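Okay, structure first, notes after.
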Amino acid sequence: MSIVPKETIEVIAQSIGIPNLSPDVALALAPDVEYRLREITQEAIKCMRHSKRTVLTADDVDSALNLRNIEPIYGFASSDPLKFKRAIGHKDLFYLDDREVDFKEVIDAPLPKAPLDTAVVTHWLAIEGVQPAIPENPPIEAIVAPPDGKKMDHGKDDSLPIDLKLPIKHVLSRELQMYFDKIGELILGRADTPLFKDALLSLAKDSGLHPLVPYFSYFIADEVSRNLNNLPILFALMRVVKSLLSNPHIHIEPYLHQMMPSIITCLVAKRVGHQISDNHWAIRDFASKIVASICRRYGHVYHNLQSRLTKTLIHAFLDPSKALTQHYGAIQGLSALGPSVVRLLILPNLETYMQLLDPEMQLDKQKNELKRKEAWRVYGSLLLAGGSCLYDRLRLFPGLLSPPDILPWKTNKKIALTNLPNNKRKASSRLTAHQPPTKKLAVDPTGTNSQFPSTDGPVTSSSSGSNPNHHHSHNSSNNNSSSTGNITNANANINNVSGSGAHGQRVAVSNVLRQAWKEDLDAGHLLSSLHGLFGEGIFSFIQPAEMHCFI
Amino acid sequence: MEEEVEKAVFAYLRKKGFRLTEIALQEEQTRLSSDASSLSRSESDAAKYYDGYGKLRSWAYNSLDSYRHELLRVLYPVFIHCFMDLVAQGHMQEARTFFQTFREDHEMMHLRDLQKLEGILSPSHLEEMELARLWRQNKVKIRLCQYSYELLVQYLHKTQSLAMLGVINEHINFEVYPGQPASMSDDSEAVFLIGTSQDLAREINQKELHWGLLEDSVEERMEKTLSESDKTEVDGNKEADTEDNNKKKTDGNKHSTAVNNKKKKDKVVGATGKTIRSESSMVSVPPRVKPELTLPQFPPEVEQSILEDLRNRVQLNSLALPSVSFYTFLNTHNGLNCSTISHDGSLVAGGFSDSSVKIWDMAKIGQPGRASNPQGENGSMQGMHSLASDEAKRPYSLLQGHSGPVYSVSFSPFADFLLSSSSDNTIRLWSTRLNANLVSYKGHNFPVWDAQFSPMGHYFATASHDRTARLWSVERIQPLRVMAGHLSDVDCVQWHPNCNYIATGSSDKTVRLWDVQTGNCARLFIGHRSMVLSLAISPDGRFMASGDEDGTIMLWDLSTGRSVSPIIGHSSCVWTLAFSCEGTLLASGSADCMVKLWDITSSMKALKTDDSKSGPASRLRLLKALPTKSTPVYTLRFSRRNLLFAAGALSAGS
């Protein structure tokens, strides 16, 4: 009858020292207990309202008890709402999670930080009825992005994207319009001025920009497709994207779908900028970082974001008809997503891909200097991806290198060491072979730099130094002891990449790589197979401590 | 012999048309004659209530469309009384099931009452609970049109549902009126009024109310300075009592001052805003009344600053919205109970649940938000600077003295003094210059929920859990008047601008207006459906706004005592309301983290067009909703220059 069951009364009676309360008494008391409870609750709610709160606290109940001249219940003082837990197996039974506290623990614990003192700050909630867009005010939610279709239609017949807002019921303040115009002007015209840096900072920090996001996203998409040949503009646009993404006051998720295509374009486009003179590799690297950061931040919100992205990239990577530049972008994008993605998607395909790539890298197979350069670039990025993946494995499980593998590697190392002078000579000869045409091709000095970018250390070293090791590794698997034969056979061996002698090992290598995605993969096996493909270059990714195992 | 009398009685009843009484009599007879055992009878009784009400309900819901809403009104009191009868007869279980079965119907209108009544579980509770006692002791009055009444009587006759008949006879008074049923929109009438309160309200609200402004106020003198030549005419306006008389005078006044304004415009350069203001106020110049209290005089320099403010006042209307400066309390740890802002916005005070009161001097902090209102930094404030220099470490002055949570704080008109009321039953007066407690007023027996300084200072009013509101003067430690009459806690109090009345809002869901001279209730406003939390009276003294726990804001016409327009203003408690200086805008602040601005002029115009007719024809128009960043709005205050100040505590977990 009453919501307080008589059992509760009995339990309470027991707890205050009345062991055998007759059931009749309990039954008679129950309704009154409920009534009193309601009474106290009603008073407590009054106290809560007068404290200008909407959540009832223990203090309110105490005040209500005070009002009725009842002693308050001690031990529940807390200014925060109490946290109740549901008893397992009961639908409507809750209890306070009241941990037992060890006195010693409390005494020994460092003093908690003193609570901050109350302070008053002022801001303008509205100026003549209009809310200024400052961090103190909530972001303006009322503005709804116009539907895409409408936007596209209008964009076609109107070259200026700023005019888009005309048909849309979306009031953009004059200041914002001017801001947008200025930013657009900077991107297209003066991206190298210090002013542009300030603009990027403003884009990354200002809180009132949310209404402009749809315009920016459209602007970026539009300009990227239009200026694929103009590297500085593309760079400027990507930096704007990065700034917008880092702005904590902007709610950018609804516009991601519009921005992603342009970023991916910058990443895997066949031609970005002038192939020869511009450092289009840098923008691919930059775009890959942006893509990775987007995936990290919004991956949990859009579950298919990363899967769709990787699908696009892996398509670009595995399609042999695509240009090497595209492959490079895809590899960079995938490796930026983290070592697990590399393990899952790149390593299983590594071997087949290397077969494809190898001829491109050889002086005698690929006569086009530019193509060869590109191939080396791709090779470098693959090495970086594989290496960082390996590094990650070793960092996580340092003890994973299995002893049996050490022995052969030791011998290998020796050979490598003995080979060193040769390698150097070879490398230098290769360099000298490269240099003159490069200079010829690159008219401006920046172009030469970009051919051999000093910025990415591993890539440079791998492209110049690891190639001889590469020959050598196959060689050594065939012919463990002879170093002289190695030198003489070097070129021949490379041509025999799929030769019968190497075949046995090859199967093993591909097997290992195919298993690469498995968590419990032996890092040693992974290392050996990667070494099989990349040679010594892979060692630069292993920490010195682990290196000791090999020497 | 007996039978003869009986027959005569029946004949008499029939002749007079007391059909219900007749039926009741018959029922009584049958009950007496039936000699069933008490136990079986009581059991069948319980079932009778259940069935009877169920049938009445389905009948009412299936009745004719145009009469249905009237008949449905009958259901609620019948429901409550059936429940109480069952409880009184000791059928706890049956009462519970009955209540649970049918409560849904009434939840929309009477949720809070139902929640209270739900707790009644034994006959003794009926005695104890205020609400229940009121229901039992008083009759509910229901207005029904002729035909609805006949329908009901016919139904009761036909079904011979004696239990229902008994309940209806015993507890409901029907007020039958001829003609068609009133329209559905008459919703405020449908809210049930217990007992005689409606009559009482009607009676009270017929009293004369001098809602006009004070004669010889600063504002009036301001107008006088603008129209020196027409002084006599303005003065003649003050005794205007009746509406017609007033209008005539207003017209005359309008003409003369308008002409005068044109003359003055060339001379007074800085008074452009002022001239517009006076033109707008001429639309209806409120009548002038004499103060009933001896009011203090403002010192000349203070008056000068008021005049300065009035001259610089920004004109606000539905097109020109105010600027809002928001004071956010940080790190309050859920401890801030109340706040207040001085008229010029230079001082902000907060009352905390740890019994302390803290005052921030915004001039000292030097916030840019105050730049437009520099009047606080006049000479008198300089003394305070040097005095407070030893406390320079703290950015605020801490006032300690209360021994319980502080529930309200209020500045005197010139921020010299601060009042605070607390759950320790006292009200304390503090000097903001000395940062010291001056007086502790003891008189209330329970926590004091609200304290407000009068617009002229010197007097203040308090509201308490002891169901009284009290009027005090700062120089006496005993209250001057005790206003008793509310049926539950008095939760908020507000002064009428002419200082002759105070308004109080209560947990009994009513708002009352009290005459400070007599201490009598001058108006009773019924219409809220939950506890009234905030009040504001328009500067011309004619309208009052009240906000409640559910987020409803109601606008009342003080002169007639009627509701102008009820609105669902917010989704949560309305903590604060404020009228702009011309009375054109109403600002409301709520627990839903919003400041909303409402257009008052449009609803007033609508009121004027059908002044004779009653009924809430118009609705308040929302002009602007300003959301804050998870900061419930505790206080709103329009400065004399029409800058809106708001304050609130940033709630944790954001």
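Even glycines carry a Cβ here, placed using N, Cα and C.
The compositional bias 'Basic and acidic residues' annotation in TrEMBL covers B:222-254. The feature domain 'TFIID subunit TAF5 NTD2' is assigned by TrEMBL to B:44-172. What TrEMBL records for B:222-270 is region 'Disordered'. Feature annotation from TrEMBL assigns repeat 'WD' to B:329-362, B:399-440, B:441-482, B:483-524, B:525-566, B:567-608.
Tertiary neighbourhood of the repeat 'WD' (B:483-524): same-chain residues 112, 130, 134, 197, 200-201, 204-205, 207, 209-214, 289, 291-293, 295, 449-456, 459, 461-465, 467-471, 530-537, 539-541, 544, 546, 548, 556, 558, 561, selected by CB-CB distance under 8 Å and a gap of 6+ residues from either end.
Same-chain residues lying 6 or more positions outside the repeat 'WD' (B:567-608) and placing a CB less than 8 Å from one of its CB atoms are 277, 280-281, 313, 315-318, 321-322, 324, 533-540, 543, 545-555, 557, 617-638, 640, 642, 644, 646, 648. Taking DSSP states H, G and I as helix and E and B as strand, the repeat 'WD' (B:567-608) has 8 helix, 20 strand, 14 coil.
Taking H, G and I as helix, E and B as strand and the rest as coil, DSSP gives the repeat 'WD' (B:441-482) the counts 0 helix, 22 strand, 20 coil. The helix, strand and coil residue counts that DSSP assigns across the repeat 'WD' (B:329-362) are 1 helix, 20 strand, 13 coil. Remark: secondary structure over the repeat 'WD' (B:399-440) totals 0 helix, 25 strand, 17 coil, with classes taken from DSSP.
Counting residues of the repeat 'WD' (B:525-566) by DSSP class, helix then strand then coil, yields 0 helix, 25 strand, 17 coil.
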